[in-house]
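Here is what Swiss-Prot says about this protein:
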| type | residues | note |
| --- | --- | --- |
| BINDING | Cys11, Cys47, Cys85 | [4Fe-4S] cluster 1 binding site |
| BINDING | Cys157, Cys161, Cys164 | [4Fe-4S] cluster 2 binding site |
| DOMAIN | 2-122 | domain 'MTTase N-terminal' |
| DOMAIN | 143-378 | domain 'Radical SAM core' |
| DOMAIN | 378-440 | domain 'TRAM' |
Amino acid sequence: MKKAFVKSYGCQMNAYDAARMADVLGAEGYTATDTVEDADVVVLNTCHIREKAAEKVYSELGRLRVLKGERKAQGLDTRIVVAGCVAQAEGAEIQARQPAVDVVVGPQSYHRLPDLLARSRERRVVDTEFPVEDKFDHLPRRRTLGASAFLTVQEGCDKFCAFCVVPYTRGAEVSRSVAAVLAEAEKLADGGVREITLIGQNVNAYHGDGPDGAPAGLADLVRAVAKIPGIARIRYTTSHPNDFDDALIRAHAEVPALMPYLHLPVQSGSDRILAAMNRKHTGDAYRRLIDRIRAARPDIALSSDFIVGFPGETDADFAETLRLVRDVGFESAFSFKYSTRPGTPAADRTDQVPEAVMAARLAELQALLDSQRHAYQRAAAGRVFDVLVEKRGRHPGQVAGKTPHLLAVQFDAAPHHIGQVVPVRITEAGSNSLFGELVSEAAAA
């Protein structure tokens, strides 16, 4: 029996794409394996957002080249596939640097994977075109489902932030129709999924065709998905502040299934740096938007992205970022040193910030963000949350799940609770997750 190993790097959309590639291969008779040494096909679904992520791929390819040679000596064939955004950006270079790679396929073409694998037996293949056909129309039914699932509703980005490669690797903004999204969501619900996360590079720019042919916004889509029987929870990511409209804010107040958690990247607190990044908003505009969202949903938990050391960033600029973090308060956040990406406007700037300065600023920012995260987790102790149980826990007799605010919880319970939403009292806050105890409905009330 043929086996496939799929490894994904980076964002939630990459996780979705990796799962769909596994489905495509499954429809061709491949079974999934967690052991790369056993795989007849190895797929690396790559991320190009930072240099470090791309170099990880090349390091992994070096190991796979050795593995491919060892399997060949045993009479076993191994096909190596590089997919995702590194593939899109560096297709020919990948094969030049690593001849062991058989297929390079971009994020819009992976529905062609079976054909590409067949062609690769004659010669190595690169497919990084943006095809006319919609890849979603060619994807098979999902084969493996859990309690929660990602669902791509929008791809690409038209914002062209000065540091970002996404518009070049994922293309212009494209939205799936409401009907197409609902059809996939209904299949997920039929398969036992209780929570759907609607994903896109700029998901709140969603403008898919609605039932009447007119463009629908993300708020319209959220309300439609919320009507599907069995779907108890809805989330969405990732958003841009400039596309956050009143309808979406109202949805947070009016749609019970829309969870009180929002990932809304700001990148910097300095207006000067935000302008240089081409973000087209200010720090105060972000603060005002957060105030409006919190007025609609006071218990909402916030997450964000931050870049330190963008070219030209001064100590005063960085201080503005720290001030914004203190003003807003975040449950969690992702923070990184600026990474030069070839082909982006920021890469050509001559005022790059020294590595040591970036490292010091990142450490200071992460210490502040960690203190906010730990305070948020400590405040959860003693409270009861509805937890969606997703899987078995770290230890025997435990299960693990997420609160509405996306906090991870471990607690003792039987595995038959997986897929259920149950009340859990938080008893302890750990460094990365909460611990709790299952309580009765009466006690929760």
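Note that Cβ sites are derived from N, Cα and C of the backbone, with glycine treated the same way.
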If I restrict to non-local contacts, at least six residues apart, and a C-beta distance under 8 angstroms, what lies near Cys11 ([4Fe-4S] cluster 1 binding site) in its own chain? Cys47, Ile49, Thr238
Between Cys164 ([4Fe-4S] cluster 2 binding site) and Cys85 ([4Fe-4S] cluster 1 binding site), find the distance joining the two CA atoms and give it rounded to the nearest Å. 12
Which chain neighbours of the [4Fe-4S] cluster 2 site, leaving out Cys157, Cys161, Cys164, have a Cβ atom within 8 Å of the mean position of the site's Cβ atoms? Lys159, Phe160, Phe163, Val165, Val166, Pro167, Gln201
Whose Cβ lies within 8 Å of the mean position of the Cβ atoms of Cys11, Cys47, Cys85, the [4Fe-4S] cluster 1 site, other than those residues? Tyr9, Gly10, Met13, Asn14, Thr46, His48, Ile49, Ala53, Gly84, Thr169
As a quick check of your reading of DSSP, tell me how many residues in the domain 'TRAM' (378-440) are helical, how many are strand and how many are coil. 6 helix, 33 strand, 24 coil
State the count of C-beta atoms found within 10 angstroms of the C-beta of Cys157 ([4Fe-4S] cluster 2 binding site), not counting that atom itself. 23
The rounded CA-CA distance in Å from Cys85 ([4Fe-4S] cluster 1 binding site) to Cys157 ([4Fe-4S] cluster 2 binding site) is 13
DSSP-derived class (H/G/I helix, E/B strand, else coil) of Cys85 ([4Fe-4S] cluster 1 binding site): helix
Once DSSP output is merged into helix, strand and coil, Cys164 ([4Fe-4S] cluster 2 binding site) belongs to coil
Can you name the residues of this chain that are 6 or more positions from Cys161 ([4Fe-4S] cluster 2 binding site) yet have a C-beta less than 8 Å from its C-beta? Gln267, Met277, Asn278, Arg279
Can you give the mean pLDDT for the domain 'TRAM' (378-440), rounded to a whole number? 95
Let me check the 10 A CB neighbour count of Cys85 ([4Fe-4S] cluster 1 binding site). How many other CB atoms are there? 27
Taking DSSP as the reference, which of helix, strand or coil describes Cys47 ([4Fe-4S] cluster 1 binding site)? coil
